[in-house]
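A short worksheet on the structure shown next.
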Amino acid sequence: MTITTDAEHNLGFEEKEPIEHIDLSDSPDSVNNIEIDRIEDAVDLAEASYIANERDHKMDFWEACKVHRGALFWSLAMSFTIVMDGYVSSLMRGFYGYPSFTKKYGVWAPSVKLYSIEAKWQILINQVGFGGNLFGTLIMGFVTERLGHRLVVQIGLVMLIGINFMFFFATSIKMLAIAQAIQGIPTGMFGTMGSVYAAEVAPLPLRGFLTSFIQMCWVIGGMFGAGVLAKMVDYTSEWSYRIPMAITWAWPIPIFIIAFLAPDAPAWLIRKRKFDKAEKSLKRLSPKFTPEQVRQRLASIIHNDKLEKSMHTNTTVWDCFKGTNLRRTEIACMTLTTQVLSGETFTAGGGGFFLIMGGMPPSVAYKIGLGATGVSFVFTIVSWLLNGRFGRRALILSGWFMCIPTLLFIGVADYFRRPGYMAPLWGQAALALLWDAIYCCTIGTQSFGLVAEVPASRVRAQTISVARFFYQGVLFGAASVGPVFINPTALDLRGKTGFVWFGTSCLGLIWCYFRMPETKDISYTELDLLFEHRVPARKFKTTKVDVAEEIQGITAKEATPSFRFPIRTDRRRSPPRSATGQTPSASAHRHDSLFSIFLPREQPLLLDVDSTYKRLSRC
């Protein structure tokens with residue numbers, strides 16, 4: 001068997017003599033034979049990692065579902081913390097337009113002849129809720145790295161059970177504000193845990209689906225909440241909003257059992273040097289794997305951990321802002337933040353609040369909200385199908401090009417609103433539903449997946465925690481000013497608020513075009529190398545990383561990889577060679593994008609990454 005350096009081969013340079021490779025699999029110090037506690041010292045660790053990486057690239061989605069059915073099941077199960085969070089979060093947003101709730105805790109608004117929660121209290125409740133959420137998000141990365149994903153989820157669920165008593169028995173809006181602040185702590189932890197766990201346990205073929213499943217969980221939770229609110233809205237007693245609050249107690253117990261039974265993430269166990277437990281977790285996550293394949297997968301995770309150590313990546317929050325991790329943290333923070341810039345606080349869920357303030361009956365607005373969750377559900381599934389073809393970056397950019405004019409039209413339609421004339425209001429409702437469909441198909445779903453994939457493995461939980469903290473901070477500001485724009489007791493812009501989010505969406509589009517990379521079909525090791533060499537975001541998709549190892553011999557204690565790093569325009573296969581041995585020009589290849597005209601073609605480049613792996617060999 002020979003492993004050759006294919007950069008020169010594919011780019012038409014003079015070929016070198018192949019380096020003879022001696023099979024190390026029978027060595028007592030090989031990955032398959034060495035004691036599990038010493039596996040990081042295996043002589044063929046790099047080669048086993050390469051084999052596992054190639055297996056992931058060649059495996060399709062449906063085969064991965066069979067082979068890694070444990071990873072599929074447990075990732076989906078742990079993500080249901082987000083379903084609960086989505087339900088809980090939808091209640092307070094829905095209660096702002098709920099007749100029985102506003103009559104209990106609000107004041108009479110003569111301009112719309114309805115009870116309404118005062119803008120100052122809406123802002124305060126949002127602020128204290130976000131404050132608790134920010135705190136929970138901030139500590140999530142710290143406690144997860146020390147306690148593990150499972151235990152953090154269980155602690156948060158116990159907290160949520162107790163906090164819900166404050167909501168249920170609140171006698172004033174002040175008590176609701178206090179309960180909202182405390183509840184933000186566990187929901188802040190839940191908001192990122194699902195994506196962190198999925199990114200840690202999901203193999204490459206399932207990673208895109210499982211990390212973006214978070215959006216579906218938000219949709220399911222919001223759909224359930226909208227259904228309960230729509231069912232109870234016509235009841236005039238206090239039970240119309242207390243029953244939805246009481247349903248919150250139904251979530252924690254089954255999710256607690258799931259968290260108790262779930263396997264720990266192998267990457268976290270490896271960072272804790274619990275190699276035997278990591279091997280057992282991998283067997284549960286990939287039950288179809290042979291013992292040899294489990295060891296190879298374990299070697300791949302260890303190899304990636306060593307690579308990140310060689311890049312001076314530790315496991316503290318401060319390491320998120322050092323070296324190449326600073327760029328990765330920026331991408332994670334801004335990718336989530338663009339969800340806010342897109343106007344999600346204004347139009348999400350069919351834009352129920354601004355429709356009610358515009359004169360639509362609450363019962364009709366809540367039915368539209370319920371319909372919006374159905375639209376979101378369907379188009380989140382469509383997003384998974386499109387991601388397999390186009391990738392995250394292309395879908396997100398396409399979403400911006402469609403969402404931006406939708407917001408503009410919502411604002412324009414408000415100029416045609418007159419008393420007793422409902423056509424503009426129905427037009428705004430239709431546009432809000434269209435925005436929901438586009439958002440869930442593109443920006444909303446794909447952002448969660450990209451944020452989970454971009455961070456370095458050693459600081460994944462910390463980076464996502466920082467990103468979520470930044471996102472919540474921006475969302476805090478948006479939720480604070482949102483009621484001021486719409487509320488009849490404040491600026492009373494109503495549908496014209498669409499112009500505000502039109503402007504912020506344009507800013508989001510500009511950032512995404514220049515700074516957001518593609519992560520589809522790129523392994524974590526390949527991502528590490530792309531960031532290490534500061535490859536521009538627009539070139540990530542056209543970059544081919546050939547992670548080939550040149551093993552020197554059976555007597556070598558550590559294999560020192562030697563290969564080159566070519567940038568090509570086709571990630572799926574090597575460019576065909578002409579009769580003269582030269583590759584076609586880059587212009588012969590096309591981008592796989594919905595809007596390929598916006599994505600410039602790149603010329604082949606050649607970067608040397610030997611220095612990266614030389615550092616790795618000294619780990």
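Here the Cβ of each residue, glycine as well, is placed from N, Cα and C on the backbone.
Noted in TrEMBL for the protein shown:
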- 577-586: compositional bias 'Polar residues' (COMPBIAS)
- 74-520: domain 'Major facilitator superfamily (MFS) profile' (DOMAIN)
- 565-589: region 'Disordered' (REGION)
- 71-92: transmembrane segment (TRANSMEM)
- 123-144: transmembrane segment (TRANSMEM)
- 151-170: transmembrane segment (TRANSMEM)
- 176-197: transmembrane segment (TRANSMEM)
- 209-229: transmembrane segment (TRANSMEM)
- 249-270: transmembrane segment (TRANSMEM)
- 331-356: transmembrane segment (TRANSMEM)
- 368-387: transmembrane segment (TRANSMEM)
- 394-413: transmembrane segment (TRANSMEM)
- 425-448: transmembrane segment (TRANSMEM)
- 469-486: transmembrane segment (TRANSMEM)
- 498-514: transmembrane segment (TRANSMEM)
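When Cβ-Cβ distances below 8 Å are used as the criterion, the transmembrane segment (209-229) is approached by residues 61, 71-72, 75-76, 79-80, 82-91, 94-95, 98, 194-195, 198-199, 202, 243-244, 247, 349, 366, 369-370, 372-374, 376-377, 380-381, 383-384, 387, 440, 444-446, 448-449, 452-453 of the same chain, each at least six residues removed from its ends.
For the transmembrane segment (151-170), same-chain residues at least 6 beyond its ends with a Cβ under 8 Å from one of its own Cβ atoms are 78, 81, 84, 88, 136, 140, 143-144, 176, 178-179, 182-183, 185-187, 189-190, 193, 242, 245-246, 248-249, 251-252, 255-256, 259-260. Tertiary proximity for the transmembrane segment (71-92) is limited to same-chain residues at least six positions away from its ends with a CB under 8 Å from its CB atoms, namely 64-65, 125, 129, 149, 153, 156-157, 160, 180, 183, 187, 190-191, 193-195, 197-198, 201-203, 206, 210, 213-214, 217-222, 224-226, 229, 244-245, 247-248, 251-252, 255, 258-259, 262-263, 284-286, 349. Remote same-chain partners of the transmembrane segment (469-486), defined as residues 6 or more beyond its termini with a Cβ less than 8 Å from a stretch Cβ, comprise 119, 122-123, 126-127, 130-131, 133-134, 137-138, 188, 333, 336-337, 339-341, 345-346, 353-354, 357, 492-494, 497, 500. Ranked by Cβ pairs under 8 Å to the transmembrane segment (368-387), the stretches 123-144, 249-270, 425-448 are led by 425-448. Long-range neighbours of the transmembrane segment (176-197) within the same chain, counting only residues 6 or more positions beyond its ends whose Cβ lies under 8 Å from a Cβ of the stretch, are 74-75, 78-82, 84-85, 88-89, 92, 105, 121, 124-125, 128-140, 143-144, 149, 152-153, 156-157, 159-160, 163-164, 166-167, 170, 211, 213-214, 217, 265, 448-449, 451-452, 460-461, 464-465, 467-468, 472.
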